Amino acid sequence: MSVHNFRPKYRQDIDGLRALAILPVVAYHAFPRYAPGGFIGVDIFFVISGYLISLIAFKNLANNNFSFTEFYARRIKRLFPALIVVTSTCYMFGYFALLPDEFMQLGKHIAAGMGFVENFVLRKEAGYFDVATELKPLMHLWSLAIEEQFYLIYPFLIWLLWKARLNALTFVILLGCISFWLSYKGIHKNAIKAFFVPQTRFWELMIGSILAYFHAFDAHKKIHSFMLVYSIG
């Protein structure tokens with residue numbers, strides 16, 4: 001593992017954007033009747049996550065310093081301490097406060113959350129007889145599950161493209177377009193499924209990845225230069 005492994009610097013603007021994204025989500029959970037579109041904050045988080053993780057991958061690949069061990073070790077260090085605290089707290093509360101069948105249900109969601117498959121569990125449970133969302137304390141882990149499913153696949157694909165000397169930006173745009181099309185079709189066919197499954201959410205992370213590519217390789221300057229030459233010609 002190289003000591004020169006790239007790590008993005010602290011960005012106040014990104015933290016500010018995160019804060020703005022949190023507000024509609026909190027408003028939705030507190031006042032769902034008055035803020036039904038609050039989950040748009042999750043969409044913003046997906047874009048930010050796609051940007052940050054892709055910037056790390058692109059920069060390290062360009063410097064020939066990319067390490068899968070380093071990549072996933074950082075994810076574990078960043079996620080699991082807080083995740084363990086949250087799930088353990090819910091478990092202890094449920095042990096003393098819930099009925100046996102409710103406690104078993106909570107245990108299922110704890111396991112799904114720790115395994116980053118909560119989105120699939122919620123997708124399967126969704127329906128007319130499902131309990132209210134406010135009775136699912138770990139429901140918010142569905143978005144974390146989608147991010148981790150993305151991180152499980154995406155770095156390998158980018159690495160393979162890079163080693164094969166193929167254009168990563170073309171792949172990212174193509175994958176994003178396919179995901180967006182699946183999302184568009186899915187919303188009209190089965191909105192609940194489209195909300196929870198990763199293939200209809202990856203396009204949001206791809207937007208962040210496209211921005212990261214432009215940042216990592218100053219592609220925006222190249223496009224600007226091309227347009228300038230074209231206009232002069």
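Here the Cβ of each residue, glycine as well, is placed from N, Cα and C on the backbone.
Taken together, the residues of the domain 'Acyltransferase 3' (13-225) have an average pLDDT of 88. For 13-225, the entry in TrEMBL reads domain 'Acyltransferase 3'.
Annotated transmembrane segment per TrEMBL: 37-58 (among others), in sequence order.
According to TrEMBL, the feature transmembrane segment maps to 79-98 (among others).
Beyond the transmembrane segment (141-162), the same-chain residues lying 6 or more positions past its ends with a Cβ under 8 Å from any Cβ of the stretch are 42, 45-46, 49-50, 53-54, 57-58, 61, 66, 68, 71-72, 75, 79, 83, 109, 112-113, 116-120, 122, 168, 171, 196, 198, 201-202, 205, 209. Positions annotated as transmembrane segment by TrEMBL: 141-162 (among others).
The transmembrane segment annotation in TrEMBL covers 169-188 (among others).
Summarising the annotation, TrEMBL assigns transmembrane segment to 200-217 (among others). For the transmembrane segment (200-217), the residues of the chain that approach it from at least six positions outside its boundaries are 43, 46-55, 58-59, 62, 146-147, 150, 154, 168-169, 172-173, 175-180, 182-183, 186-187, 193-194, judged by C-beta separation under 8 angstroms.
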